[in-house]
Structures are given as C-alpha cells and as structure tokens.
C-alpha cells in the first residue's frame, strides 16, 4: 500500500481505496500467494479496514480501530508495523466478540451516512440491506461497483421529501409513541461481524445504551425503518383528491375511514391478498381483512417455488399494525400530538424490497446483541423490528408559524405537517433468514471467484450445506 505522504492527493487516494482495489493490489496478491490456503472472510475484510484506517488516521487522528487490531497480532514483524500476514492471522483467530468490537469502531467512524466519506467507500463489496433482494434475483453485479451516493436531490421530489421528513418521524416515534425511551437516531455503517459481506444502516433504534463512542444493543432493542410516503402528500384544498378522505379520517379515526384514505390514490400502498394467494411486488404493505377488498383482482395461488413467501406470510398474517392519527396544528395552537390510535390488520409484503431490508437489519443487530454482551442469559437475543409509514400534508396559511411535536419539540419550518403514522411489526422466520442469506452469500462468492484472482472464502456457516465453500 502506498505511503500516504508520497501521494499528491491523499484524500483522493483514500476515497478510491476500495475493497476491490485492495484485493487487486500487488501487496495483497503477494501476501495471498504465500498463504498455505485461500484467505477467508471476514478476516480479509478486517485486514482491508486496517489498511484503510491506517490511511485515515494520518489526518483524522482516529487510531482506535488500528490499535485494537494491533492488540490481536501476536508478533510485530518490523519497525514499520506488522505485516499483512501477521495482521491476517491475528484477525483470522479473533473471536466473534472481538470482531464485533472492530465493527463497532467502524460504525462510530461512519455516522452521518451519505455525508460521511468513509461510509461511501465501505459499500464496495458489501451486500447492503437495499441490495439484498436484487442480489438474490440478479446476482451481486453492482456490489463491487456501487453507484456513487447522490446528495443533489430535487427539493420537490420523493427522495428529498423523505430525507427532509425523516427526523420528524423519529421525533414522533421517540417522543409521542415510545415515551422518551432511550434511542439512537444517528447510525454509521454496520458490517456483519461474523461474515464481513453484509452491511446495514439503521434509521432509528430504541432501547439502546451507550458505552463511550459505541452503541450497545440489547435484547430489548427495537428497530424502526422509516418510510415517508410522498405519493400521499396532499394540500388542504377541495381540489386535492386526497383531502376529503383525510378529512373523514381526521373527524372519525377508524378502520373504515383509513381504508378510504389509503385508497384515495390510483396505486394504494396497501394490497388485499386472501389466504393462499400470491401478493404482487408493487408495494410493501398487505392485508387479509375482507373490508379492504374493494375491487375484484385475480391473484395467483401460492405454489411450488413460493415456500419462503408462504412461510413469511404465515408468520405475519396475524400482525396488528397501529395507526396513529395526529392532531391538526391549525386547530390546536400549533401543537401536534396523537389524536387517536386505530389497530388495523396490515402486515409487510415478503416479496417487496423493504422486507429484505429489515430482514438484514434484524440479522446484523442480532449479531451485535449476541456478541457484545447486550443479551441476558436465557433470553432471545433478537431485536424487534417495525416498519414505519408516515403521511404528511403541505402547510397551509391557517397553520401557525411555529408548530411543535408535543408541547415543546419544535417542528422545522421547512418540513411538511405529519398527519398520520402507521407502525407495522415485522416477523422474520429463522428458515427464511437462513435461506435468504445462504443464497446471497453463494451469489457473492461466485461473483468474487469470477472477478478476483485472490477471492476470499465466504464463511461456510452462511450456507445450508457446508460443501458450498472449499
């Protein structure tokens, strides 16, 4: 690896130092040739992170990751520091608990997500939660060449809307729904400590603790994945087709008025699917409640090849979502609170990308709980997972200039007015998780084998059949 002092532009060198470039570097190829067996994941991921952090610490001063790696290395080969071989074997012998500490360092260094330079670099060679479904379907063709993160979003578009409103939804969940529970709302990139090929970034997690710069997840931790629905954004105007149905929901919050509100647009976000039928992939919320069956749509039967979908549907059909209808600040002196709660039979669609997104979050946070001392003996170490659907309206001249969530939490003047929040628990069967991760890991391995001369093994524990790895 080139000395950072010899480079004309150290920052440019660092931003291009991806996992793929590391695997192709002469130093790595020479080191691999001298091993008596192919290198393995996740040790190779941690070796790469050590090399990257060595560069970063030259101008960031952050030495925690490299210092911890050095404590795992048995011998120092030279005055310049341990060799790649010594680092690799130290990391290969590391326990899952020690690997979780390393991943916690990475998470703490990458907070800020898309605004954090290191967060962007680390996506290379990682199957992220947003890429899991496409990897299963099409292979990891973009995993080693991820598209650059764009922060230049049109203000009036759905991406900018979601980014703008996300903090408001976090405030509603933390303050109004969970009652000021201990929460963390700023996460870095969380790499799976046990395999090094999966990674996630969380929106919000409650019932977490802090240990210095680290976040400690516990067996009480609850993940909230936030979705702000741009297609339901409406104005307080008789000419807006959504407004009359919202008015009915606000005046009388109940299942019937909510059904009318959801179906006030051409492509509703909730799909009715009777038992034994296959949902479409169109949107991420389903129901089996006959009250939602407003039009006759033929659906295919669940059959061969739909085992994972059937298992996931069976696990989630009994889920009860909770709808929180918010008060109108124009009628309440600017205060936005919870007006009413309505339980509804709405659950996640296991054919949609968001199901796989929360599946991977569940898996990785569970790893952190198990290997960082956050779980109590005899208790399930798995976190709870919810997907949050938030609905907003545009501000009107009748709204006070200053609006608050609850009595004192100021709502940013640039943010639209929240009108309702739907919290949907997600159940993730173990068999579905195992099969999904096994398929994705096999796809990653096959792609890496065809792309790199020094492709590292994937941990055999990810596969249903250990013969999937050498």
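Glycine is no exception: its Cβ is also placed from the backbone N, Cα and C atoms.
Feature annotation from Swiss-Prot assigns site 'Required for function' to 166 (among others). Within its own chain, residue 166 (site 'Required for function') has 203, 226, 228 as residues 6 or more apart in sequence whose C-beta sits under 8 angstroms from its own. In three-state terms derived from DSSP, residue 166 (site 'Required for function') belongs to a helical segment.
Per Swiss-Prot, site 'Required for function' is recorded for 203 (among others), and the stated evidence type is sequence analysis. Residue 203 (site 'Required for function') carries neither a helix nor a strand DSSP state and counts as coil.
Under DSSP, residue 225 (site 'Required for function') is assigned to a strand (E or B) in the three-state scheme. Within the same chain, the residues at least 6 positions away from residue 225 (site 'Required for function') whose Cβ sits under 8 Å from its Cβ are 202, 203, 354, 357, 358, 361, 385, 386, 387, 388, listed in sequence order. What Swiss-Prot records for 225 (among others) is site 'Required for function', and it gives sequence analysis as the kind of evidence.
The 10 Å shell around the Cβ of residue 227 (site 'Required for function') contains 20 further Cβ atoms across the protein chains shown. If you look up Swiss-Prot, you'll see 227 (among others) marked as site 'Required for function', on the strength of sequence analysis.
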| query | Near the Cβ of residue 203 (site 'Required for function'), how many other Cβ atoms are there if near means within 10 Å? | reply | 21
